[in-house]
Amino acid sequence: MNAEGGNLHREFEITWGDGRARIHNNGGLLTLSLDRASGSGFRSKNEYLFGRIEIQIKLVAGNSAGTVATYYLSSEGPTHDEIDFEFLGNSSGEPYTLHTNVFSQGKGNREQQFFLWFDPTMDFHTYTILWNPQRIIFYVDETPIREFKNLERHGIPFPRSQAMRVYSSMWNADDWATRGGLVKTDWTKAPFTASYRSYKADACVWSGEASSCGSQDSNPSDKWWMTEELNATRMKRLRWVQKKYMVYNYCVDKMRFPEGLAPECNIS
């Protein structure tokens, strides 16, 4: 299934916000707003089981401290799977923090955080989740920033059996989002608005019991995302981002995990 630059009316449904989420330009643009009373959100009409899903986002300019804009994949229930992009706002002139996480069978605690090498409030930038049976890759403008591999052979759960929808939201998290909750939301600057456009899903659509990628006689080249991996050039780029822009990595936080780091942290 390919939703190329998709009409956002067709691809998404607004799920909450009482008018604070709006679709404009005949389905070409979607905005989410937050004020003191409420945030807002939307989700995809389709569920997916593997794919390469991207959207362009322009984040809140100026003083966005305390606010969080999200874009993520998630299934439902207490043992849900989830793949997260969260954008943690900051005071004027300070950088956004891009927060990533992977949940499998209801367990997360796999946070990696990054600063960006550009101002994400000045223009739209493309944020992509690649999810196939072998790996999850987070991309920013086609630059890979994180890879989470399938290490089930080592007993580490991997999201590969639960279909997920795309979700996005704009909400207040000033109890933790900015400097651990020290900087609160300045409601005199409300409403805070993030903009979304150019959604694209090259993905296997899940409909109840079957996947659109399931037929044995279909051409596997049509589902190129199922085997996508990082070549040497992109691996070099990934290492560059992680060396220069990563600001938190759960795999080195022994204070937080005194009983031992997650097992995947010790597997190269």
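Cβ atoms are placed via backbone N, Cα and C, with glycine included.
Straight from Swiss-Prot, the features:
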- 1-196: domain 'GH16' (DOMAIN)
- E82: active site, nucleophile (ACT_SITE)
- D84: site 'Important for catalytic activity' (SITE)
- E86: active site, proton donor (ACT_SITE)
- E86, H99, T100, N101, N109, R110, E111, D175, W176, G180, R256: xyloglucan binding site (BINDING)
- N90: N-linked glycosylation site (CARBOHYD)
- C204-C213: disulfide bond (DISULFID)
- C251-C265: disulfide bond (DISULFID)
For E86 (active site, proton donor), what is the tally of other C-beta atoms lying within 10 angstroms of its C-beta?
19
Within 10 angstroms of the C-beta of W176 (xyloglucan binding site), what count of other C-beta atoms is obtained when all protein chains are considered?
12
I need the least crowded one of these binding-site residues (T100, N109), counting other C-beta atoms within 10 angstroms of each C-beta.
N109
As a whole number of Å, the Cα atom of C204 (disulfide bond) is distant from the Cα atom of E82 (active site, nucleophile) by 17
Between C265 (disulfide bond) and R256 (xyloglucan binding site), how many Å separate their Cα atoms?
14
Could you check what DSSP calls C251 (disulfide bond) once collapsed to helix, strand or coil?
helix
Going along the chain, which residues six or more apart from E111 (xyloglucan binding site) have their CB under 8 A from its CB?
H99, T100, N101, Y248, Y250
By a simple count of other Cβ atoms within 10 Å, which of C213, C251, the disulfide-bonded residues in the record, is least packed?
C251
Highest Cβ count within 10 Å among the disulfide-bonded residues C204, C265: which residue is it?
C204
